[in-house]
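TrEMBL annotations:
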- 15-64: domain 'THAP9-like helix-turn-helix' (DOMAIN)
- 72-203: domain 'Transposable element P transposase-like RNase H' (DOMAIN)
- 238-357: domain 'Transposable element P transposase-like GTP-binding insertion' (DOMAIN)
- 435-468: domain 'Transposable element P transposase-like RNase H C-terminal' (DOMAIN)
Amino acid sequence: MSQVNNYTHQFILSQIRNQERALKCRRYTLEDKILALSLYKASGKGYRLLSKIFALPHPRTLSKLLQKIPLQPGINEIIFKSLQENIRGMKKDDKICILMFDEMSIDVNVYYNRHNDIIVGIEDFGHKRSSKLADHVNLFMLRGLHRQWRQPVSFTFSSGPVTSENLKYQLTEVIKNCLEIGLDVVATVCDQGASNQAAINSLIKDTREHFLREGQENRLFGFLVNNQEIVPFYDVPHLLKGIRNNLLNKDLHFVMNNKKGIASWKHIVKFHNLDSSEPTLRLCSKLTDEHVVPEKIKKMKVSYCTQVFSYTVGSLMMRLSKWDTNDEFNLGSEVRDKADLILFLDQLFDSLNNQALRQHPGKVYRSCVTINSPHSAFWSNAVKVVESMQFFCNKRQKFVYNPSLKNLAHAIRAFMYICKILLENKKFAFVATRAFNQDPIENLFGYIRSHNYRNINPNASHFVASMKSLIVNNFLATHSPSSNCEEDLNSGGLDNLKSFITGIPSQSLVHTPNLYNQKIEVPEHISLHTKTKLHRSIITYISGYVGRLLIKKFKVCDTCQRNLQISDTNFDHDIILARKYQNCKLVIPGSYLNVMVSNCLNSLFYWIPRIAYVKDISSVLSFLLRKNFSFSPFNCSEHNVGDAFVSLIVRCCLYWRFRSLNKVAKGKDAKFVSFLAKKPPAHLIEPVKVAAHKKYLMKKKRNTVT
């Protein structure tokens, strides 16, 4: 046993212990279940095959395991308590970390979580919720700089990209909680999304105003949170990709070595055409049409950008541009500017995205930053070059502003500033600049999309389940070969977060408005709406379904059954009679049951989308029903059938309501689309379904463009 790793050892012991036992007599340790969970999430089909060979927990057992993990949007106290225990024995340098944050689009899907009595799939920031449909998830992750561990700490759901105000609040709250447990957060890393830039600029502005109020000089590069300076970074690979995308249809003017230059993408195209003229003897075999031809470029792939801005391409372009001008393979002297730019960007990317301890042959800057390394001098000159860059739009015939250039200059200054702090103040022997990119968070998104099956657009429920699984099993997953980032070689997540499973759920931070003292009136056009015969028949059929379930529950009581079936009016029983066959269990409901089902459906379908954000939603809806209607006629001297009816109708309506809404969000409700096409009066249109339909149209348009 000493020759196998711990996972294999525990698995063998589990098989010896459970293999000969009956299915219901098998017992598994927490480690057994966590290992099985990682296998199940990797492939459900593969797990079912392995279950026939080995003694493995049933998938239902694994689902119950995930339900025990109290992971909710926003700040989770149990996460930070577990982190605090884990870092207690860490060295001071190992506690120095950065906070990364990014967002991912998710599928619109709303459902009722009966276990937590909450609606999942709507906008949820932890400290507040709304009834808006969520189609984005925002994730915050910590990453160590000395010992490169990483750990997700918070996530939220938003309708559309998160606003800068909400992002600013979330960012400061996460940093405050990290500082309170003893972590030393020194920087943040994000892409250059509009909300990200606005939130960072607002925090820097607040810090500047703080020093003005105190009458002190602001010598900080970043912003303050709890008197701790946080240096903001923008992800360098994304910045380089942004420059490439703008270069496709604009010319880049710059000054390098006191000489003005103009770089155009047509120079790259010309070089590629020249290189492709001899397909059997190519100089740059990795360069394809997907790298060069604007219409074929995969604009979201960072690797396609860095392979163009490489030393190989730049040096060959420079060499070929110096050939005799009368040669048929000459590129022309104007290509030298583009070659200079490529060589410069190659060196810059090497210096800002490296983790090698030893210097690469011929690559001076592809190594970690030390006190004596040439990075600082190079960066001082690189800032001047980047600040001189301007994009010229040939279509508009003028220079245009581009945030990628501004943020790249900011990133270089941030590296100069943070490296000085880490090397001189924190006494680091070296700084790996690749630690300041978003690769871990991009990889985590890749894990979530590949969990259990290929799910490139997970919904809120899938995201939470995958997050629980990944955190508990310490990211036991593989790197996707087609992912948009480098393989994450960090030391892994923090192990003792397995205590989630046995931990006590933290109290909810969501403020639930007091709806118990309010009366939400149902508009008359809904409550008094004249129903068609078909509609009345459907209501009667639903009433019969509800009555059958209640009769089954109280079958020993004749009084309860009579109260549910007594009728003094002839209702529309056509659908029940049409579907009724010999020995079937369809029930013809009583008149009071039929009326109460109709009234409850009207009220619940009106209330649910308007108070979907509240916690304990079934309790709130049940209270509102009891406040507006009387259910005492259902009761007998021994049984409270009225409460059972309220609980059942609330649960059914929550399920029916969101099933209908999800059909609209997926574009599968043709009836609703045709209803909208008729331009009905506004009071007849459900706003939440209109919002779901708009989300579907936006997604469809985005997929068509892509």
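Cβ atoms are placed via backbone N, Cα and C, with glycine included.
A TrEMBL annotation is a machine prediction, not a hand-curated record.
When each of the listed stretches 15-64, 238-357, 435-468 is scored by C-beta pairs under 8 angstroms to the domain 'Transposable element P transposase-like RNase H' (72-203), 435-468 comes out highest. The domain 'Transposable element P transposase-like GTP-binding insertion' (238-357): residue composition by secondary structure is 60 helix, 11 strand, 49 coil, according to DSSP. Broken down with DSSP, the domain 'THAP9-like helix-turn-helix' (15-64) shows 36 helix, 0 strand, 14 coil.
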